[in-house]
């Protein structure tokens, strides 16, 4: 059973790494462009209260 959970954890980490490279699958709220620089890869602008991560 521990091996099963270890495999699930590895898959979850890998899928999150892929999402980070391709852009987040969810909306990231921001107040300034500096917030997006910390939360998204690259340096996306803050538009209408959300980061343009994709």
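Note that Cβ sites are derived from N, Cα and C of the backbone, with glycine treated the same way.
Copied over from Swiss-Prot:
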DISULFID  30-46  disulfide bond
DISULFID  36-51  disulfide bond
DISULFID  40-53  disulfide bond
SIGNAL    1-23  signal peptide
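Positions of the features from Swiss-Prot, shown on the structure.
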residue: 30; record: disulfide bond; DSSP class: coil
residue: 36; record: disulfide bond; DSSP class: helix
residue: 46; record: disulfide bond; DSSP class: strand
residue: 51; record: disulfide bond; DSSP class: strand
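Comparing CA positions across the disulfide-bonded residues 30, 46, 51, the one lying closest to residue 40 (disulfide bond) turns out to be 51. Counting only the Cα atoms, the space from residue 46 (disulfide bond) to residue 53 (disulfide bond) is about 9 angstrom. Residue 36 (disulfide bond) sits 6 Å from residue 30 (disulfide bond), counting Cα to Cα. Each residue contributes its Cα atom, and for residue 30 (disulfide bond) and residue 53 (disulfide bond) those atoms are 11 Å apart.
In this structure, of the disulfide-bonded residues 30, 40, the smallest number of CB atoms within 10 A of the CB marks 40.
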